[in-house]
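**Student:** Can you read through this structure? Questions will come right after.
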C-alpha cells in the first residue's frame with residue numbers, strides 16, 4: 001500500500017497549524033504565559049510546518065521532496081529533544097528544579113543572542129510548572145507524541161524520496 005505523500009504533507013502542515021493555534025489560544029484566551037522551552041517548541045513546530053508545506057509543493061520532484069522531508073525529520077528530532085527536556089524538567093523533584101530566570105524580552109535586551117538561545121534551550125524554573133494536562137500527559141508530553149509522529153512520517157517521506165531520486 002502506497003501512502004499519498006501529498007496528503008501526508010498537507011495533513012502534517014494542518015496539524016502544525018492547529019498545534020500553533022492551540023498554543024496561542026492557551027496564551028491569549030486562557031492567559032497562560034509560555035515558558036522559554038514552550039517558545040522553542042513553537043519554533044520547532046513552525047519548522048516542521050514549513051517542511052511539510054515545502055514537501056506538499058515539491059512532492060513530484062524527488063530531490064525537493066528529499067530536502068523537505070529531511071528538513072522535517074531534523075526539525076522533528078529538534079522538537080523531540082525540546083519536548084523531552086521540558087517533560088524531564090516537569091518531572092524533577094521540587095528541590096532540583098532550576099531557578100526561574102528573567103523574561104524573554106529582558107534577555108533579548110540585555111544578553112547576546114547566543115546566550116539567550118542557550119538559556120532558551122536549557123529552560124528554567126518556569127518550565128517545570130505543569131499548568132495543563134490531558135489524559136495524564138502535560139503539553140510537552142503531547143508535543144513529544146506529535147513530534148514522534150512527524151518524525152515517523154518524514155522518515156517515510158525521506159525513504160520514498162531517496163528511492164525515487166535514481
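Every residue, even glycine, has its Cβ placed from backbone N, Cα and C.
Just so you know, TrEMBL annotations are computer predictions that nobody has curated.
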**Student:** Per TrEMBL, is residue 34 on the side of the membrane where residue 164 is?
**Tutor:** no
**Student:** Under TrEMBL, the annotation transmembrane segment belongs to which of these stretches: 65-83, 84-102?
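**Tutor:** So the range that TrEMBL calls transmembrane segment is 65-83.
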**Student:** Counting across all protein chains shown, how many other Cβ atoms sit within 10 Å of the Cβ of residue 38 (disulfide bond)?
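**Tutor:** Neighbour count, Cβ to Cβ under the 10 Å cut-off: 23.
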**Student:** Quick test of the contact rule: Cβ under 8 Å, at least six residues beyond the ends. What residues does that give for the transmembrane segment (39-58)?
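**Tutor:** Residues 5-6, 8-10, 12-13, 16-17, 19-20, 23, 64-65, 67-69, 71-72, 75-76, 78-79, 82-83, 86, 104, 120-121, 140, 143, 147, 150, 154, 157 contact the transmembrane segment (39-58) from elsewhere in the chain.
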**Student:** Specify the count of other C-beta atoms within 10 Å of the C-beta of residue 35 (disulfide bond).
**Tutor:** 24
